[in-house]
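What follows is a single structure, written as structure tokens, with notes after it.
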Amino acid sequence: MNFVEELRWRGMLQDIMPGTEELLNKEQVTAYLGIDPTADSLHIGHLCGVMILRHLQRCGHKPLALIGGATGMIGDPSGKSAERNLLNEETLRHNQACIKKQLAKFLDFESDVPNRAELVNNYDWMKEFSFLDFVREVGKHITVNYMMAKDSVKRRLNGEARDGLSFTEFTYQLLQGYDFLHLYETKGCKLQMGGSDQWGNITTGAELIRRTNGGEVFALTCPLITKADGGKFGKTESGNIWLDPRYTSPYKFYQFWLNVSDSDAERYIKIFTSIEKEEIEALVAEHQQAPHLRALQKRLAKEVTIMVHSEEDYNAAVDASNILFGNATSESLRKLDEDTLLAVFEGVPQFEISRDALAEGVKAVDLFVDNAAVFASKGEMRKLVQGGGVSLNKEKLEAFDQVITTADLLDGKYLLVQRGKKNYFLLIAK
């Protein structure tokens, strides 16, 4: 399996330094990619980089995932228009442990193979580095003219923000450059990879190695992932789509992928899964024959949800989706945990009802007309119930005056009323 060819057909290759492909074809290469540790979870904006490390290891090379502990304390101006919040060491260590756990789902850190993945943290070699040593050993090799020529620096100096660029952020490219030098000297690392906005920082590292060691190293970057409509990938109205279920439930994670556009699904299934080329081509052809069946989106959502979470979480997400969009049963509704239930019915009208009244028993007609405005009138409700068009917790309401009690509550708190095929209402007992 050819690593560069793999990235190329998947649409994961932007820039590549001359000689990189030849090196990868000639020997087992140690390569690294930096990961920002400013949160204790990765989000899907990190996934392209993580998949590059995964493909690298699958092709027989050795991946190093570099946690930017030292650089995370400073902030990188690349692609940013403002200063970053700085982190303390305790937070960084916690974030590192959480991120490694997530990376272990994609990379083999445990086996004894020569290309076993490693996690490194640049704080470990930067924390004892004095300013004087850094200036002497690193600073003298790179000119200010060279640093000023970088696009990321130019953008910040010439941008609309009037706060300019701090010295701290200006020196970021030297710190990242030193990471490459350190890994070259200690791990034999000859290749750095990253997002296309990192090209300037990566080439600074290659230049530093050339000037200090006379060594030749290489670089490649992946393109910025966008949406077909030009919007930012991985962002929703409620923020990032996280890999940690504490921040983004597996159901919401699954729904994100399921709801991407046709053109995005065709690109994303190459980037965010390990499905082989022939199978993807067959899926694309199948999808084009019947786009309304959303075969690409369903397979994409399945693969990524299982990879990030588990098959069990994927199955639960499908079941939860069927409750709103399919022929689900009362049993499948009752299996939902509270967070998923609320996520599934996030957009439906909600009403508060009295728990005390339910404890004594309330007629459905009083509850759904007087207490919660599910129906405009008792006449409308009677007609719909008689026609079999009203369900409570996915079971047909048998009678207009059926008595409802706390025993009917889902999770001891909720009632789900369905009026007709598509109108849902969530009643919350308080």
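Each position is counted from 1, following the chain as shown.
Quick reminder: no glycine exception, Cβ is built from N, Cα and C everywhere.
For TYR32 (L-tyrosine binding site), the Cβ neighbour count at a 10 Å cut-off comes to 25, with all displayed protein chains included. Annotated L-tyrosine binding site per Swiss-Prot: TYR32, TYR172, GLN176, in sequence order, evidence recorded as sequence analysis.
Taken from Swiss-Prot, the feature ATP binding site covers LYS235, and the record attributes it to sequence analysis.
Summarising the annotation, Swiss-Prot assigns domain 'S4 RNA-binding' to 362-429 and lists sequence analysis as the type of evidence. For the domain 'S4 RNA-binding' (362-429), DSSP puts the residue distribution at 20 helix, 23 strand, 25 coil.
Annotation comment: Swiss-Prot describes 37-46 as motif ''HIGH' region'. Away from its own ends, the motif ''HIGH' region' (37-46) comes close to residues 67-69, 72, 84-85, 87, 92, 94-96, 98-99, 102-103, 225, 233-234, 240-244, 246-247, 256, 272 of its chain (Cβ-Cβ under 8 Å, at least six residues beyond either end).
Annotation source Swiss-Prot lists motif ''KMSKS' region' at 232-236. Along the motif ''KMSKS' region' (232-236), the predicted structure has mean pLDDT 77.
Residues 43-45, 225-226, 256 of the same chain, all 6+ positions outside the motif ''KMSKS' region' (232-236), place their C-beta atoms under 8 angstroms from a C-beta of that stretch. The 10 Å shell around the Cβ of TYR172 (L-tyrosine binding site) contains 24 further Cβ atoms across the protein chains shown. When Cβ atoms from all protein chains are considered, those within 10 Å of GLN176 (L-tyrosine binding site) total 26, not counting its own. When secondary structure is read from DSSP and collapsed to three states, GLN176 (L-tyrosine binding site) falls in the helix class. Under the three-state DSSP scheme, TYR32 (L-tyrosine binding site) falls in the strand class. Largest Cα to Cα distance within the recorded L-tyrosine binders TYR32, TYR172, GLN176: about 17 Å as a whole number.
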